[in-house]
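A.B. asks: Pulled from TrEMBL, these are the listed features:
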type	residues	note
REGION	B:1-26	region 'Disordered'
TRANSMEM	B:30-51	transmembrane segment
TRANSMEM	B:93-119	transmembrane segment
DOMAIN	B:93-284	domain 'ABC transmembrane type-1'
TRANSMEM	B:131-150	transmembrane segment
TRANSMEM	B:162-184	transmembrane segment
TRANSMEM	B:205-230	transmembrane segment
TRANSMEM	B:267-284	transmembrane segment
Amino acid sequence: MTGGALGITLTAGLLVGCGPGDGGPEDVRFTFSKREAIPYMTQVVDDYNASQDAVRVELDTSGVDVVSASFVRGNPPDLMLANYNHEVARFVDRCTLTDLGDTRAASRIRPDLQPLMDQYGRCEGRTSALPYSVMAASVIYNKEIFAEHHLEVPQTWSELIEVADTLEQAGETPFYGTFKDDWTVAQGWFDYAVGGQVDTLDFFDRLAAEGADVGPRSAVSFEKDLAGPLEQMTQLAGYVNDDAASRGYGDGNLAFAQGGAAMYLQGPWAFSEIAKTAPDLELGTFPLPMTEDPADLKVRVNVDLAAIVPEGSHHQDAARDFLEYLYRPEVIEGYNESQLGYTPTADAPPPSDPRLAGMTDYYDDGKVYQGASVLVPKTIPVMPYTQGIAFGEDVDDVMRTLDEDWARLARRQ
Amino acid sequence: MTTLATTPHRSELPAPASARSRLRASRPRWNTSGTILLAVCTVTVLLPLYVTVSMAFKTTEQAVDGNAFSLPAPVSVQGFVQAWQLTDFPVGLAMSLLVTAGTVAATILLAAVASFAIMRNWERRLFRWSFFYLLGAMFIPFPVVALPQIQLTGRLGLDNPLGVIVLATMFQLSFSVLLFTAFLRSIPLELEESARIDGATTWQTFWKLIFPLLAPMSATVGIFAFLYAWNDFMMPSLIISDPGLQTLPVRQQLFQTQFSNNYNVSFASYLMAMAPAIVAYLFTQRWVMEGVTQGAVKG
């Protein structure tokens, strides 16, 4: 009985809520589900709601599945800050998002980030998504261990091997491997090794052009272009802790915080986890050198959050108003400062955290790439494949499988 | 938990008198292998429960130190506080209770009525086929029909807990009807005939006679419906569109992220969500047992 009454009130509420000009503030549903940042965003929403009374923003933290369902149902959120990946890009590809190209926020975004956004998908003639937070990832290293053994940050592949050898001879573990969690192999080992010497933008463009013909006879293939870097990756994987195969992400953070290894191939998200155990540990970052030329050094980035306004939203103008608020320098820079992200607007200062200092120059110079593992469509199980390589499978075999998967998927589409 | 062997085994009877008297005098023997087996089974339940409880009371720092079995030191309720705030626990709990209560009540009522109608009209083709039709739903898992259901509930204004109640009841119906019909077979028709002779209508027969007799089976059906509705994640997450009306399991999804481990907060939240289910089981397990035995012994 209560359920029935509730249902009726809800339906009535929805209908009333949709009618414009009913006197009260316009409701905007804002989806945001990055758990660590919910307190910050709650504060932003509260501040915005208090600053005016035309729009009332409601924060929705219920996650990505719920959003997909709401698109199916036809009542998507009015504004969304989402991790930008292939799943969100599907909404871009199908042109279900409004053009944000004419917003003030869009005019302030660094133009060199656009190719990274387009790499996932695009809707012709529209700026469907605006980057809000960019995460840069590279090798995390323990400054105390490096200082103890008088080591400098390596700039070339041979320097890196030298550092690893020195550490090993001194009885330290050079790298901490958490191969039990396949995503850590893909995100760190695979992506850094590939991105450090292959131009991923160009590689995936050519791969897409080749389509169903990718294979032993094509001009570009995983086997031809990635086998070299991955052989280097297997060489590095020889310097990990003995129990790497049975260690997961959580174990890695704990061990690294306790000084269990000198280097750790993880992103900035691991800093807050490491800090749970060792809040004062001195950590730094540097891009993984894969060649003998320091000019090749690059850091892996991903668009951690992008702003989108779906076409199905009934409150697009109000959503845009809040969007402009979110892109105010103090809000967006404050957000990225607190989450160790880089602000994608052209005039923004880099995050002040010393742990990120090793990556800032590369980000400012645009020496960045997106991880190869996230650019492969999710239907191809690339993460277990990379894990297989870490466990000692033959690189060429795995790359051939990847080529076949890619060609098969291209044929089907 | 221990199995006691009080009666001497048949083959031991022709033993000498002294041995027999010793046997009679000795205390009831342990069934060692059975006890060990049951003890191991108990551990599989108690150990995770222990970890859940102790994790919930740890500080974040201790929760990630890799020793799941250690006792919390110092004891912290910070996990509960955070979990309470992050999930908006009272509202989530109310929604979960609403959905569960609605599903349990609707399942018991509809399944009982449908089974009664089907069993007493078994010889008619329409009823027989409708039984098979209801059973057919057992072979359709929710994910298969998720997309059309999302659209349908959206258009009908059922994208809220009420819609979840309707759908969950529908999916629970087939199994419940199966249980009820099997149980109804064991209720003698003569009882109903005597009621009719006294002038009872079909409705009165059902409400005053059959439904009370179905009580043990209703408890079983209710418990299955309870467990399903209370624990279900996928259906509410897809059907309910207003985040303010989400159920607890969906709110708790927040704790499972790839990059961050907050075991103390998550386990505190799980513990709070488990509590009603455990309490409900403590109070109703008697009826479950009765239901099982009463279904087994005819009449």
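Including glycine, each Cβ sits where the backbone N, Cα and C put it.
Curation does not apply to TrEMBL; its annotations are automatic.
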A.B. asks: What stretch, picked from B:30-51, B:131-150, B:162-184, B:205-230, has the most CB pairs under 8 A with the transmembrane segment (B:267-284)?
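C.D. replies: So the stretch in question is B:205-230.
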A.B. asks: Quickly jot the same-chain residues contacting the transmembrane segment (B:93-119) by Cβ under 8 Å, restricted to those at least six beyond its ends, or write none.
C.D. replies: 127-128, 130-131, 134, 161-162, 164-166, 168-169, 172-173, 176-177, 179-181, 184-185, 206, 210-211, 214, 218, 221-222, 225-226, 228-230, 236, 245-249, 272-273, 276
A.B. asks: Within the same chain, where does the transmembrane segment (B:131-150) have neighbours whose Cβ lies under 8 angstroms from its own Cβ atoms, ignoring anything closer than 6 residues to its ends? I mean 6 or more beyond.
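C.D. replies: Here the qualifying positions are 114, 118, 159, 167, 170-171, 173-175, 177-178, 181, 234-235, 238-239.
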